[in-house]
Structures are given as structure tokens and as C-alpha cells.
Amino acid sequence: MKQNKGTIGIKEYIALVILTVGAKLSDDTPAILFENAKNAGWIAVALIGLLSVLPILFMLKVFSVHREKNLHEIILHLFGKFIGNIVSVLLLFGGVFALIVDSGISTDIISSFYFTKTPPIIVYSILMMVCAYGAKRGFEHIGTAAWLLLPYVKITLFIVLLFSFGGGTFGFIYPLWGEGMLPIIKTVAKDMSIYADFLYIGLVAPLVTSFKVLKKGTIWALAIVTFEICIAMVAFVMLFDYTTAEMLAYPFHETIRYIHIGFLSNVETFFFPFWLVATFIRFSFYLYLSATLLGGILKIKEFEYLIPLLTTIVILLGAAPESPSITLSAARKMNFQLLTPAFFVLPPLMWILAKIRGDFKNETA
Amino acid sequence: MKQHRWLKIILLCLLTMGLAGCWDKQELNEKAFVIGIGLDKDEEEGKVKVTYLITNPEAGAQQAGGTTKEPPQEIISLVADDFISSRDTANAIVAKSISYNLLSVLIVSEDLARDPNFIRLIYSAAKDREIKRSLKIIVTKEKAEAFINNNKPKLETRPDNYFGLIINRGQKIGMIPDANLKSFFTDTEGDADFFLAIYATTDKEQRDKENTSDDNLIAGEIKEEGTSNNTEMIGSAVFSQGQMIGKMTGEETRISSLLDDTWNAVDILTAYPDPFDERYRLTVRMSKQKNNTYKLTNDYGRPHFEITVPLYIEVLSDPSMVNYAGNKQKVVKLKQYLTDNIEKKMQQFIEKTQKEFKGDTFHLSVPFRKHFATLGEFRDFDWMKTYPDAEVNVKVEIHFGEFGRQTKLPKLKEVRD
């Protein structure tokens with residue numbers, strides 16, 4: 001009866017991470033990266049991927065000695081009750097903020113590209129209600145759904161990229177360094193938190209079958225996701241050139257509206273459902289993570305019951321801003337800049353604290 | 001337990017209501033599908049005359065009880081602020097809701113395209129939610145309204161069908177450029193190369209002079225007879241920074257396509273004077289199977305571009321009855337002759353772009369971007385300013401393919417014997 005414990009194996013774990021983090025290539029993340037790095041946005045992503053290895057390795061090291069604890073419990077253990085709770089509350093704010101902003105942006109995409117006449121609040125409510133249902137079913141279900149849907153989502157993405165490469169001009173990726181090294185580094189420093197999800201994934205670390213799976217899965221997922229986003233960024237530049245790509249709010253959706261497959265035009269209606277499904281998985285997972293953290297802070301064992309509450313908060317706050325594509329995008333940039341230091345500094349800090357406390361001494365391996 | 005099951009069933013029933021698609025539900029026959037939008041200058045400043053070409057999806061469709069008698073298209077012209085707001089104004093006349101979902105061509109009169117304010121108008125296409133970037137741009141010699149009214153395809157009666165086919169075919173043979181909204185934006189914003197739009201007209205020009213070549217023509221100059229449609233689509237309109245500055249003939253468009261690597265290889269049928277008998281012309285089929293190579297050198301501060309165009313040529317006619325198949329010497333001579341001829345034409349074309357347009361129409365800046373490390377350097381190079389004074393050399397490398405289906409011809413002397 002291993003299944004009932006709600007643990008997931010390596011394939012579900014990787015699928016889940018790829019879907020949640022990889023989905024960022026289809027919202028306004030590319031636009032944010034293009035802003036400073038211009039056509040060298042893909043280099044920035046590659047650098048972010050490489051640099052992210054550091055905090056992730058530190059984090060995995062800490063997890064290797066606390067295999068039964070999740071991120072929140074480890075933070076409490078390392079920082080002590082008072083400071084630990086403050087750190088967790090800050091993380092919770094960052095996470096919920098990201099959830100609100102990201103889901104708001106997805107709603108904006110749906111209502112401005114596909115369902116133009118439906119009131120956004122209805123779109124938002126339906127989106128979040130589906131995600132809440134998914135999150136309520138638990139981690140194991142989200143993981144299984146992710147694994148089941150992964151091939152469909154990625155095959156359609158592959159088709160999109162293939163046709164945008166076919167319709168694009170390779171020469172557009174030159175000049176290779178975009179605006180120069182400095183803007184690339186600036187982009188990396190500001191937007192590294194596109195991978196902050198990896199930090200939050202620590203919240204479900206004990207639910208992965210074994211530490212080995214966690215370690216292997218995380219590294220693989222990081223590599224795959226980085227590769228995927230890089231390729232997508234190259235495809236967008238090849239299709240639109242840097243000047244236009246930078247101005248597009250949602251390059252992925254402009255791409256699927258532009259390409260046509262043979263005699264088939266208007267193919268966006270074919271790709272849209274797959275994107276939507278990936279979006280459901282992504283926000284289900286985010287909701288689940290936020291609920292876990294909130295439950296941990298408030299010491300609520302059955303944290304699943306927090307999900308409806310969180311969903312309501314998200315819908316209320318996410319639907320509030322005026323002209324969402326501008327406001328939310330600005331909010332997202334801000335959130336990226338706030339989360340970046342957290343993502344980059346927290347894991348090494350945890351490692352140092354664990355070292356000082358001597359947690360690594362009774363390490364067996 | 002039982003209560004739970006009922007709850008689930010009710011929930012499932014409620015969910016099916018979502019399948020109706022909420023607010024965006026719209027029946028197909030409640031929509032008027034606009035295929036083309038025509039834009040003309042209006043006397044009043046800031047206003048534009050919008051012409052809608054609406055297709056009738058029912059026309060030509062076999063239905064139970066015979067085909068409908070409805071015409072294949074409907075045309076409405078009205079004056080509006082832009083082609084976004086005109087959508088609602090049109091509803092005063094059209095019963096169905098106007099949809100841009102199938103919009104495939106934007107037809108602009110030359111008069112409006114040459115207006116500096118044209119760019120303001122066209123950028124509203126980037127704002128509209130239904131307009132796609134694959135929208136084709138056609139510039140017409142006459143008013144767009146007149147063009148749409150005069151355009152009456154005989155066999156492809158539905159306009160969506162007609163425009164799709166003629167543009168596709170024209171692009172394949174290189175007579176018209178691949179001109180969509182995406183490249184308009186990219187070229188305009190890139191600020192280095194010129195954008196080419198399709199040039200078309202229904203306005204026949206009276207020309208008695210015999211033309212030197214079949215493709216050295218621009219729309220309106222083809223002498224055609226018969227009962228076909230009046231529309232001619234050949235040549236291109238040149239846009240610099242979002243404003244039309246000139247036009248090119250079909251032949252020039254073809255040369256531009258051969259020099260351009262961002263343009264997918266085309267299949268060109270054309271004729272050259274026969275080197276062995278001046279009275280006749282030799283039909284050749286040209287295509288590009290490999291990419292061009294580009295080289296950049298600096299001649300004392302003046303950039304020097306070298307373009308090598310590999311051409312695959314099939315000689316399809318042999319009016320002087322030379323019999324190329326068995327005659328190696330003549331093949332060499334022909335190759336040399338064609339190389340010189342094509343190189344000369346390309347060089348002339350480049351000169352024209354440098355002197356007349358003051359910019360390149362074949363995306364020359366794209367392959368040379370490699371030579372710059374950063375965008376800053378590329379901008380400092382100032383392509384638009386540098387190109388007209390640069391030295392551009394074209395080299396053509398010809399690879400012969402077949403000499404027609406039947407390679408041998410009888411000797412003229414023997415036949416006439």
C-alpha cells in the first residue's frame with residue numbers, strides 16, 4: 001500500500017517539475033528576459049540554468065541529512081522557531097504573490113487571446129477552481145496527471161518549435177551577445193528566480209520516494225527545463241527578430257497564432273487546450289505548495305482544507321488590478337527581483353547553518 | 001456515501017454547461033467573415049476609408065436541394081477612424097457580427113501607403129485581438145475600394161480561396177514577395193532592410209511597346225486577352241521605415257528573392273536571349289538549392305559586400321537547335337553567357353536599390369549580423385546609411401541540371417534538307 005502514502009516516483013517528479021517550470025516559456029517570462037538581454041535572452045537563460053545548480057546543490061546537500069523533513073521543517077530546525085517562522089512567512093508571501101501574479105497573467109492570456117468576450121473574472125474563477133480541485137486531490141494525483149499529460153504537452157510544444165524554426169530566420173540570433181555582456185548579467189541577476197520554483201519544491205521533498213530520486217530528478221529536470229526554455233527563446237527571436245520579440249507580451253501565443261501547418265492555418269485552437277492543461281497542472285501544484293507551507297506555519301495537519309481559502313484569496317487579489325497585462329507584468333518583474341536573492345542566498349545559508357550545527361557529522365555515505 | 005454520489009452527478013451535470021463556451025459562444029452563421037480589408041485615404045485628415053470584403057461560406061457549397069443563389073462575396077465601404085472601430089460601424093449595414101478571424105489580406109492603396117501617417121494606421125493591427133501576423137499586405141495602384149470592386153475571379157469565386165491561391169503561387173515563382181504583417185513589423189522595427197509588399201492592380205495600362213522580357217513587368221502591364229479576371233499581381237511595393245517609397249517589377253522582385261536567404265527558394269521560369277541566335281530567347285528554369293554565401297571586407301573604411309549566389313539552372317528550350325547534350329563547348333559558352341547576364345542584371349538591380357531606394361530590399365543585413373558582437377556595434381554601423389555607399393559585388397555560380405525532357409534535337413539542316 002505504498003501508493004496511499006502519497007509519494008511519487010522519479011518520472012512523475014520530473015514530469016511535474018518540467019510542466020510547472022517549463023510552462024514559463026509560454027507566459028510573459030520570455031518578454032521579461034528579452035527586455036534587457038534582447039536577442040541574447042537564450043544565453044541569459046542558459047546562464048541562469050548553470051548558476052542555479054549552486055543553490056540547488058546546497059539545498060540537496062541539506063536535504064540529504066534531513067530526509068524526513070520538508071523545507072519548512074528544515075528552516076525551523078536550522079533557524080530556530082522564531083526566525084524560522086519569519087523566513088517561512090516571507091517565503092509564503094513570495095510564493096502566494098507569484099501564484100497570484102502568474103495565474104492572473106494566464107487569465108489575461110486566455111481572455112485576451114482566446115475568450116475575448118467572457119468576463120475575465122469568470123475565466124479566472126473557472127481556472128482556479130479546476131486547479132483547486134486538482135490540488136485538493138493531493139500531491140500523488142498531481143504527479144500522476146503530470147506524467148500522463150507530459151507527452152501531449154511536449155509533443156505539441158515540439159511541433160510549435162519545429163514550425164517556428166522552419167518559418168524563422170537563423171540570422172536573427174546574431175549579434176550573438178545582444179546588447180553586450182553587462183545587460184545579460186543584469187538579466188541573470190534580476191530574473192534568476194524564474195527557477196525559484198526549485199526552492200519551493202523542497203516543501204514536498206519528503207513525498208518523493210527516496211532522496212536519490214529527488215536528487216537525480218531535480219538535476220535532470222533543471223537540465224531539461226533550461227534546454228527547453230533556451231530553445232523556445234531562440235525560436236521566438238528567429239521568428240520575430242529582437243525588436244519585435246521584445247515588444248510582444250506573450251511571444252508563445254503570438255507564435256502559435258502566426259505559424260500555419262501546411263494547409264492548416266488558425267492552428268492556435270489546436271495548441272491552446274494542451275497549454276491549458278499544462279497551466280492547470282502548474283497552478284494545482286503551486287496551490288498545493290502554498291497550502292503545505294501555510295499549513296506548516298499555522299501547524300495545521302490537514303492543510304488540504306486550506307486550499308479553498310487560498311484559491312479565494314488568489315482569485316480576489318489576482319482579478320483586482322486594472323489593465324492586467326501591464327500591472328501584473330510589472331508586479332511579476334518585481335517579484336522576480338525579490339525572490340532572486342531568496343533563491344540564491346537561502347540554500348547556502350541553510351547549508352552553512354547545518355554545517356555549524358553539525359548536522360553533516362552523522363552522515364553515513 | 002449515497003449523498004456523495006448524488007453530489008457528484010449534480011456537479012458533473014453542472015460542468016457540462018461549461019461546454020457551451022460561456023460568453024464567447026457564437027454560431028457560424030451569426031458571423032460575417034471578413035477576408036480582406038481595403039484601406040484608402042479619406043479627404044478628411046485622420047480618417048480612413050475602410051472597405052470590407054466579406055466572404056459567403058455558403059457560396060458554391062453543395063447543399064441538399066441545390067446550391068444557393070447567394071453571391072460569393074459582399075463588399076461594403078465606409079469612412080472610419082481606423083479599421084478597428086469600423087467593425088461596429090459596418091454593423092449598421094451588415095446583419096451579422098463582423099469577424100476578423102479569417103482575415104487574410106490587407107489591401108492598401110498606393111496613395112495611402114506613400115503617406116507618412118500610414119504607419120500609425122497599420123500598427124492598430126498589432127493591437128487588435130483577432131488580427132494575425134500572417135496577414136498579407138497588398139498595395140494597389142488604384143484605390144483599394146476600386147480594386148476590391150473590380151476583382152472578380154472567375155473560377156475561384158470565393159475570395160478567401162482566390163487570394164490564398166494566387167498569393168501562394170505568386171510567391172512560389174518569385175513574382176511577388178512574401179509580404180505579411182510580421183515581416184512588415186520586423187523590417188520596420190529592425191531599421192536596416194526594406195520591406196516588400198505585393199503590388200497589384202485591376203487597372204490596365206495601355207502599352208503597345210513590346211516588352212523585352214516576360215517578367216520585366218509590374219502589375220497592370222501584362223497584355224492579356226480572354227475572359228479571365230482583371231486583377232494582376234506582379235512586382236512589389238518597397239517600404240522604408242513603414243512608408244512606401246517605390247516599386248519594383250516582377251523581374252526585380254525575382255532578383256531580390258534570389259539575393260535573399262530569408263526567402264525560401266523559389267522556382268523561376270524565365271527567358272534570356274539565345275547566345276547562339278540573337279533572334280530567339282532561351283527559356284530556363286532557375287532555382288536555388290543552396291544558400292548564398294556572404295563575405296564582408298573593409299576597403300579602406302568602405303565596406304565591401306560580396307554575395308555568391310549558387311543557381312541551379314535547367315535549360316528548357318533550344319530555339320537555335322544547338323543540341324547542348326552532345327556539345328560540351330557550347331555548354332561552357334552558355335554557362336559563361338548566363339553567368340555574365342545574370343550577374344549584370346543583379347548588379348544593375350543592386351545599383352538601383354543603392355541609388356533609387358537608398359536601402360536594400362533583400363535582407364542583406366541579416367547574414368552580416370554575424371560580424372558584430374553586440375547590437376550596439378550593429379546599430380553604430382548604421383546599415384541604412386552605410387548600404388547606399390557600400391560596394392556590393394555579386395557572383396553567380398551556375399550548376400546546370402537537365403536540358404529539357406528530351407535532350408537531343410534533330411539537326412535543322414537535315415530536317416530542312
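Placement of Cβ uses the backbone N, Cα and C atoms for every residue, glycine included.
Any TrEMBL annotation is an automated prediction that lacks curation.
Over in TrEMBL, the protein carries these features:
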type: TRANSMEM; residues: A:42-63; note: transmembrane segment
type: TRANSMEM; residues: A:75-101; note: transmembrane segment
type: TRANSMEM; residues: A:121-139; note: transmembrane segment
type: TRANSMEM; residues: A:151-174; note: transmembrane segment
type: TRANSMEM; residues: A:194-214; note: transmembrane segment
type: TRANSMEM; residues: A:219-240; note: transmembrane segment
type: TRANSMEM; residues: A:270-291; note: transmembrane segment
type: TRANSMEM; residues: A:303-321; note: transmembrane segment
type: TRANSMEM; residues: A:336-354; note: transmembrane segment
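Between the transmembrane segment (A:270-291) and the transmembrane segment (A:75-101), the number of CB pairs under 8 angstroms, six or more residues apart, is three or more, so the stretches are in contact. Sequence-distant neighbours of the transmembrane segment (A:219-240) (same chain, 6+ residues past either end, Cβ-Cβ under 8 Å): 13-14, 17-18, 21-22, 24-25, 29-30, 33-34, 39, 41-42, 45-46, 48-50, 52-53, 56, 157, 160-161, 164-165, 167-170, 172-173, 194-195, 198, 248, 251-252, 254-255, 258. Only sequence-distant pairs (6 or more apart) were considered; of these, at least three Cβ pairs between the transmembrane segment (A:75-101) and the transmembrane segment (A:336-354) are under 8 A, so the stretches are in contact. At the 8 Å Cβ threshold, with sequence separation of at least 6, the transmembrane segment (A:42-63) lacks contact with the transmembrane segment (A:303-321), having fewer than 3 such pairs. For the transmembrane segment (A:121-139), the partner stretch with the highest count of Cβ pairs under 8 angstroms, out of A:151-174, A:194-214, A:303-321, is A:303-321. Below 8 A, the CB atoms of the transmembrane segment (A:194-214) and the transmembrane segment (A:336-354) form 3+ pairs separated by six or more positions in the chain.
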